């Protein structure tokens with residue numbers, strides 16, 4: 001016999017939408033808003049910067065000027081900023097477990113649901 | 001397509017209109033993605049240097065070629081609104097479909113937000129060049145999103161025809177800049193000396209790290225199949241439009257890297273908000289500056305337009321299937337568009353466009369896209385296993401299976417590591433979001449889903465079930 005889902009009222013529908021909204025904003029936006037997430041790119045400005053000391057040749061100096069930056073001090077942070085790619089292996093393993101675990105969980109639970117769908121659509125497996 | 005009610009009180013049965021051809025599919029795919037050449041891709045140069053940026057461009061091109069091949073086969077067979085969402089529903093199961101729907105909505109909504117941020121940034125830059133620095137960008141961000149949402153609300157044919165025109169202009173702008181620079185239109189010569197003096201500022205790990213933003217060159221091309229129910233001949237138009245789109249983008253991406261890397265110092269390029277416009281500024285040609293200003297504006301608007309179209313179709317499909325409240329599964333009685341889904345997603349796009357930095361928003365979009373590409377790998381294997389080639393008619397059969405799937409999985413794994421390098425917190429936040437959302441769906445929302453209705457294709461029973 002076909003599964004008959006319960007009828008969802010307006011309040012329930014609103015509650016479900018709000019849950020997803022809170023999840024989206026809570027997990028994704030608030031960490032950004034609080035500055036908890038971000039790229040680890042850090043400027044390492046040099047003292048008394050000149051274009052030569054910053055490694056910029058004559059053509060590159062022309063390019064900087066065309067972009068509105070004629071003072072090497074103004075380009076100091078941009079030129080010297082670098083990402084820090086040192087990482088912890090533990091953090092990498094945790095991330096891998098999180099990604100793989102997520103997909104394993106979703107596929108397994110999906111398969112459970114999928115079997116109900118196929119059974120209702122085509123009948124029980126013989 | 002399953003029927004839907006237009007209003008709660010009057011169960012009138014309406015369908016989306018089948019009005020689109022291959023050119024519209026090309027415009028939808030390229031229109032969403034072309035903005036990736038106008039902004040965002042250049043952060044890959046920031047993460048690894050000039051050479052790394054180019055390698056990322058080509059490696060990401062390979063990844064998306066695999067995506068286009070796989071997607072064309074499955075979509076030409078599962079021609080239903082929602083694209084990969086409908087595929088997941090028929091091949092893997094409801095929870096996977098819910099997740100894929102969320103991938104699509106998040107990837108496109110974040111991309112839409114990134115586009116709006118770029119419009120505001122571009123106008124601020126131009127105002128600054130005219131001596132009016134400190135322009136308030138927020139009204140322009142809000143206006144861009146609201147106008148495009150209104151356009152989508154009014155109808156898909158007008159929306160995608162509008163996209164076709166402005167995408168073509170934006171693409172021609174890149175070609176014009178490339179040719180003009182080759183013929184000496186720039187006051188400042190091309191300079192690739194950093195390729196030899198500072199080829200890999202981060203070493204080889206920089207090449208891997210650059211792949212993160214290399215995806216941005218092409219992200220969203222898979223959106224072509226979102227319009228499957230509105231295409232006159234899905235089996236022909238979807239593979240043709242998608243493949244033509246990926247070829248267009250490979251050409252545009254390589255030209256973009258060449259012009260920008262030659263005209264803009266890589267350290268500046270690696271953090272620029274509008275790299276192609278900046279390259280035009282360096283040429284000193286007013287004509288090129290105006291052209292690339294128009295190109296950037298059109299590319300961002302076309303992309304945001306396509307994103308609203310795609311995100312709303314995915315949200316609509318989930319509402320129609322009761323994965324979300326069924327209120328969202330309504331078609332407008334006059335315009336025949338998923339109008340409630342379109343309106344609902346506007347404030348979410350605005351929250352991120354007005355309050356988050358561009359590279360973070362881009363990263364959220366890339367991550368959702370990446371999760372979707374990972375899904376495509378096992379989805380393809382399951383599709384071939386559950387319905388071998390001789391059991392159902394496919395509009396297109398991709399060659400060399402399972403090689404594209406294996407290559408795609410390897411490249412996706414590399415891309416996760418690339419995101420982890422520098423943006424690990426966002427990756428963790430996003431994974432937590434999807435895990436909690438999945439548990440919420442399985443243990444709470446799934447009770448409202450009609451089981452048998454989740455399989456609507458006229459296929460035989462899958463092998464093994």
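Cβ coordinates come from backbone N, Cα and C, glycine included.
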Per TrEMBL, which of B:364-383, B:444-463 is transmembrane segment? B:364-383
From B:384-402, B:403-421, which range did TrEMBL mark with transmembrane segment? B:403-421
Check for me, if you would, whether the transmembrane segment (B:286-308) reaches the transmembrane segment (B:49-70) - at least 3 Cβ pairs under 8 Å, residues 6 or more apart in sequence. no
Do you know the mean pLDDT across the domain 'Amino acid permease/ SLC12A' (B:35-427)? 90
I need to check the long-range neighbours of the transmembrane segment (B:49-70): which residues 6 or more away from its ends have a CB within less than 8 Å of a CB in the stretch? 41-42, 192, 194-195, 198-202, 206-207, 209-215, 217-218, 221-222, 242-243, 245-246, 249-250, 253-254, 257, 261, 266, 373, 376-377, 379-380, 398-399, 404-405, 407-408, 411-412, 415
Which of B:91-123, B:160-181, B:403-421 shares the most C-beta pairs under 8 angstroms with the transmembrane segment (B:427-443)? B:91-123
Please give the sequence-distant neighbours of the transmembrane segment (B:201-219): residues at least 6 beyond its ends with Cβ less than 8 Å from one of its Cβ atoms. 33, 36-37, 40-49, 51-53, 55-57, 59-61, 63-64, 107, 111, 246, 249, 253, 256, 362-363, 365-366, 369-370, 411, 414-415, 417-419, 421-423
Under 8 angstroms for C-beta pairs, at least 3 of them, ignoring pairs fewer than 6 apart in sequence. Is the transmembrane segment (B:240-266) in contact with the transmembrane segment (B:160-181) by that rule? yes
